[in-house]
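Pulled from Swiss-Prot, these are the features on record:
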- CYS23-CYS37: disulfide bond (DISULFID)
- CYS30-CYS51: disulfide bond (DISULFID)
- CYS36-CYS66: disulfide bond (DISULFID)
- CYS69-CYS76: disulfide bond (DISULFID)
Amino acid sequence: EIPQNLGSGIPHDKIKLPNGQWCKTPGDLCSSSSECCKAKHSNSVTYASFCSRQWSGQQALFINQCRTCNVESSMC
């Protein structure tokens, strides 16, 4: 199985969410995009951060994980 590129190498801002928890980094399990950390310089349209459905070969089911990607690349 080829591992998914979830954007863990893209710098992101680790901030506290309104619910008091820290935002989730690329690869963390999530239930909505608002939980995911945004890429640094997210005021530009270069990067997108969202909660995405991914196949987990280890668990043999779909899971939701935070993902950050460059919107101009094919990885998004």
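Just so you know, glycine gets a Cβ as well, placed from its N, Cα and C.
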Cβ neighbour count (within 10 Å, all chains shown) around CYS76 (disulfide bond): 15
Inter-residue Cα distance where the pair is CYS66 (disulfide bond) and CYS23 (disulfide bond), in Å: 10
Cβ neighbours of CYS66 (disulfide bond) where a neighbour is any other Cβ within 10 Å: 24
From CYS30, CYS66, CYS69, CYS76: disulfide-bonded residues whose CA lies within 10 A of CYS37 (disulfide bond): CYS66
Under 8 Å by Cβ from CYS36 (disulfide bond), counting only residues of that chain that are 6 or more apart: CYS23, LYS24, PRO26, ASP28, CYS30, SER49, PHE50, CYS51, CYS66, ARG67, THR68
Helix, strand or coil at CYS66 (disulfide bond) [DSSP, three-state]: strand
Structural state of CYS51 (disulfide bond), classified by DSSP into three states: strand
CYS30 (disulfide bond), number of other Cβ atoms within 10 Å: 19
